[in-house]
Structures are given as C-alpha cells and as structure tokens.
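What TrEMBL lists as region 'Disordered' is 1-23, 117-142. Feature annotation from TrEMBL assigns compositional bias 'Basic and acidic residues' to 1-12. Residues annotated as domain '4Fe-4S ferredoxin-type' in TrEMBL: 26-57, 77-101. Per TrEMBL, transmembrane segment is recorded for 502-519.
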Amino acid sequence: MASEPIIRHETYPEITPPTEGPLRRDTHTYDLMRQCIHCGFCLPTCPTYAVLGVEMDSPRGRIYQMQAVAEGRLDISDDFIEHMNCCVGCRACETACPSGVQFGKLIEAAREQIQLADKQPEARTQTVPASEQEEERPNAQGSVAGKLLHRFFFDYMLPSRPITTLVFSGLKIYQRSGLQKLARSTGLIDVANGLPTPFQGKLKLPEQLMNSASGDLFPDLLPEITYAIGVRRYRVGFVSGCIMDQVFRDINEASIRVLAANGCEVITPPQQNCCGALHVHGGEAARGRELARRNIDTFEQYNCDFIIINSAGCGSTLKEYDHMLRDDPAYAERAKTFSHKVKDISEFLAGLTLNPQMGEISRTVAYHDACHLAHGQKIRQQPRQLLKSIPGLRLTELKEADWCCGSAGIYNIVNQEMGNELLERKMNNVAATDAEIIATGNPGCMMQIDMGVRQRGLAMKVVHPIQLLDEAYQQGGLYDQAQQVDLEHRSSGRQRQKQRQTLLIGIGLGFLLGLFLLGRRKK
Ligand code: SF4
Ligand code: SF4
C-alpha cells in the first residue's frame with residue numbers, strides 16, 4: 001500500500017511587504033542590502049554585537065532583518081524596531097566590509113520605514129538580549145510625554161534657531177546661576193531623577209552630559225562675512241550648526257578665526273538652519289530632506305568655493321544631501337553640487353599649506369576618531385596631521401581610537417545603558433594614555449568623553465582639534481597683528497571716506513558758486 005504523503009500543517013503569518021517607504025523590494029535600498037554577502041567580517045567591529053553577542057544586533061543580522069521586511073517575511077515588529085534602534089550608527093561595519101555595503105544608508109532607511117509604519121521607536125534600556133528581558137521595559141519615548149517631547153525636539157526645536165536658543169538659554173541659566181551646583185550638592189537632581197515621571201531614572205545623564213555650554217545666553221548670529229587675514233585664497237561657507245552654536249560657540253568662533261588665518265573669506269549665512277543629521281539618523285527623513293533643501297537654497301546664494309563644517313556627524317549628512325535628494329527632480333543636481341563642496345574643517349585645512357605663525361603648546365594630546373569622520377567620511381590622518389603641525393604638541397596613541405564612545409547623536413540619552421557600556425570601554429583606553437588633552441572632531445563625542453573624564457576624576461581637557469590650532473595662532477601673535485592691520489585698514493578706510501566727503505562738499509560748493517556767478521553775469 002502506497003504511503004500517504006506527509007502533510008505539514010504549520011501555518012505561517014501572512015505578512016505584506018511595505019508598499020511605500022525605503023524598505024521595499026524595488027528600491028535603491030533593496031539593491032544596497034543585497035550587496036551583503038553574509039561573510040561576517042563586520043561582526044568583530046560592531047560595538048553592539050561586542051556587548052550583546054547577538055546576531056540580530058550585528059550588522060549582518062540587521063541587514064538580514066531589513067531584507068526580510070522588504071520581502072514580506074518579517075513584520076515591523078517590536079523586536080525588529082528594537083534591533084534597529086540598538087544600532088549606534090557608527091558605521092564601523094562599513095570600514096570592515098569587503099563588499100562595500102553602505103550600512104549608514106541602510107540603517108537610516110530602516111528607521112524611516114519604522115517612522116512610516118507609525119511606530120514609536122523604543123529604547124533598549126538593558127544590555128541583555130530582548131529575549132532574555134523579563135520585566136516590561138520602561139520607555140520614556142513610548143509614553144505620551146515622550147512622544148510629545150520627541151515631536152517638539154525634531155519638529156519645532158531643531159529647525160528653529162529662536163526656539164533652540166531659548167531652550168539652551170534655560171540650560172545656561174541653570175548652569176551659571178549656581179542652580180546646577182545646588183541641585184548636585186543637595187541631591188535634588190537624584191530626587192528629580194527618581195520621581196515617577198516618564199523620564200524616571202533617565203534625567204541624570206543628560207544633566208551630566210550638558211556640563212558647561214559656552215557663549216552668551218542669547219548668542220548673536222556669527223558675522224555674515226569674516227575677511228581673510230592676508231591674501232584671500234578661498235571664499236568658504238561656514239555651517240554653524242544648531243546645537244553647536246548654542247553649546248560650543250567657542251569652537252565655532254575658533255574655526256572662523258583659523259579659516260581666516262589661512263586665507264579664507266568666511267561666509268556664515270544668517271538664514272542657514274539645522275543640517276538635518278539628527279533627523280536622518282533618527283528616521284525623521286522627510287523633515288531632514290526639508291532642512292537639506294533650505295540649506296541648499298541658502299548656500300547657493302553665496303557662490304562659495306567650499307562649504308566647511310566642524311562637526312563630524314553634521315558633515316557626514318551634508319555630504320549625503322545628494323543621496324537624500326536623489327529622487328527630487330528640483331534638487332537632485334543642486335544637492336550633488338552642494339555635497340561636493342562640503343569639507344570637514346580638518347580635511348580642508350590639511351589640504352592647504354598652513355599659515356606657520358604658530359606659538360608653542362607644550363602638552364600631550366591623544367586623538368579620538370569620531371565615527372562619522374573615520375568611518376563615515378574616511379577622514380583619519382588629516383586631524384592628526386593638523387595636531388602634529390603645532391609646535392611643541394606631542395601626539396600620543398589612543399588604543400581603539402576609532403571605537404565608538406557611545407555618544408552617537410542622542411543615542412546616549414535614549415539608550416543610556418548601552419551608551420554607558422561603550423563609554424566605559426572608551427574611558428579605559430583614555431585613562432591608559434599619558435595625554436593631558438583628548439582631541440576629537442565631533443561635539444557629541446566631546447560631551448560624552450568629557451563626562452567620562454569627570455566621572456573618573458581624570459586631569460584631562462577635552463577639546464576640538466581646531467581649538468588647539470587656534471590657541472597656537474594666538475600664542476604666535478597672529479591675531480594681534482591681524483587686528484593691528486585691521487585697525488590700520490579701518491582707519492585708512494575712514495581717512496579715505498573723509499577725503500571723499502571733503503571732495504564731494506568741495507564739488508557741491510563749487511557748483512553753487514558757479515551758479516551764483518553765472519546769475520550775476522546775466523544781470
Ligand atoms: S553601524 Fe555600528 S552599531 Fe550599527 S551595525 Fe554597524 S558597526 Fe554595529
Ligand atoms: S562585512 Fe559586509 S558583506 Fe560581510 S556580513 Fe558584514 S555587511 Fe555583509
């Protein structure tokens with residue numbers, strides 16, 4: 001008797017692949033994810049895989065899940081969201097990948113797809129795999145207050161300079177009035193942190209992170225034009241950033257001085273706005289594109305040779321405006337032109353013969369590679385080259401210099417436990433150096449490492465490389481001379497203006513006298 005065919009009665013859930021959004025089968029993103037050959041070379045370089053040891057929290061595992069969503073084999077489930085949001089976006093996997101997978105673009109696409117599915121991103125609060133977590137995870141972003149804060153941050157604060165200024169003026173008042181000291185010494189901050197709010201247990205870290213913002217309470221716009229010191233070599237546009245100009249105003253001012261010291265006329269358009277980097281990294285791609293268009297409109301008016309940025313995270317997004325706007329017929333070509341002009345300040349200056357009028361800085365510095373410079377823009381040697389060009393400054397080695405510090409935009413605020421794990425590893429290496437200064441080209445890394453330095457009580461200063469170059473020029477007396485030249489230039493300008501006025505009055509009086517004499521002759 002013929003045996004009955006074995007029929008398996010397993011049922012699989014019906015999942016429809018997305019019909020719109022970047023994780024569809026017929027997209028550019030789908031082609032990018034299919035470049036992955038599953039070799040696993042990226043796994044040892046991935047910080048989240050190093051901490052969790054879970055394939056789904058590795059680059060290869062994440063790409064696998066994205067492809068499964070695109071093909072309708074996987075839903076945009078809570079697990080999927082969690083694995084995507086757990087990625088720090090460091091792009092170390094891109095550096096390791098032999099197949100040229102552009103993971104940064106993929107993770108941004110996945111997060112955009114999550115936003116389109118109208119699912120609120122969740123924060124991993126424990127550094128153990130999701131499957132091993134027993135209790136329901138508290139989640140500030142998932143609450144109504146968290147959602148409102150999320151919308152305020154991305155839709156209202158970042159795109160508007162007045163609102164950003166107002167928010168950060170509040171922070172500066174808190175820091176400068178002595179309130180911060182009081183809150184810390186009396187334990188008030190711990191009380192606030194423990195209150196049963198949606199941010200319970202999550203307030204302390206941002207408070208520590210934002211330790212000392214520089215600049216005025218309500219900083220003026222940076223000057224629209226700063227003239228080159230000496231002969232003008234280039235006309236460059238300067239991107240002042242949104243949070244950068246509120247928290248690290250001193251770095252922006254130093255950047256403009258150093259550019260001017262090296263023959264640049266620096267244009268800082270007052271109408272520029274946030275570059276959209278935090279939006280794009282967080283899945284708010286539509287808003288990011290809108291900001292990109294506005295910046296292109298603004299900078300086009302000035303016809304600059306280059307567009308300079310001093311923040312690694314922003315720079316990597318500005319260089320990808322062409323990718324972000326590739327499907328926009330009105331902006332695709334203009335975005336290409338814009339992106340080709342963008343240079344990180346260290347990349348730009350390293351390509352010049354530097355003004356050599358520098359004084360000595362007899363100290364030891366270690367350099368931390370910001371992920372979006374080293375992995376995102378492949379800029380590693382240029383900042384080191386600048387530091388080495390400063391007389392007296394000794395550059396010492398930092399182990400795992402290009403390993404993420406856990407900052408990653410606002411990652412350290414929403415995924416605090418993972419952020420802290422990564423900071424711990426970074427600080428072990430920082431503490432092992434003999435450096436007095438840690439230099440890094442990204443404001444987020446500066447805040448994160450500075451917090452680590454304070455937590456460990458290390459006698460180290462955390463700076464942007466451009467601040468050291470600026471200090472060297474100050475020591476070399478370059479700005480004093482330039483000021484002198486500027487004053488002489490201005491006073492000779494005033495003299496010329498006076499001469500012109502005298503000449504015009506003379507001509508006017510001569511003309512009136514001529515009319516008078518003509519009138520008398522006719523009589
Ligand atoms: S971007 Fe960084 S954290 Fe994310 S998968 Fe790649 S290496 Fe891992
Ligand atoms: S190294 Fe590149 S190709 Fe290999 S698994 Fe990782 S992403 Fe895929």
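Backbone N, Cα and C atoms are what each Cβ position is placed from, and that goes for glycine too.
Values in this document were obtained by computation on a predicted structure and should not be read as measured data.
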Beyond the flanks of the domain '4Fe-4S ferredoxin-type' (77-101) by at least 6 residues, Cβ under 8 Å: 32-33, 35-37, 39, 41-42, 44-48, 52, 56-57, 59, 61-63, 65-66, 69, 107-108, 110-111, 114, 119, 121-124, 130, 281, 371-372, 374-376, 402-404, 406, 408-409, 411, 414-415, 418, 422
So if I exclude everything within five residues of the ends of the domain '4Fe-4S ferredoxin-type' (26-57), which remaining residues of that chain have a CB under 8 angstroms from its CBs? That is, six or more out. 63-67, 70, 79, 83, 86-88, 90, 92-93, 95-103, 105-106, 109, 127-129, 326, 403-404, 406, 418, 421-422
Here the mean pLDDT of the domain '4Fe-4S ferredoxin-type' (77-101) is 96
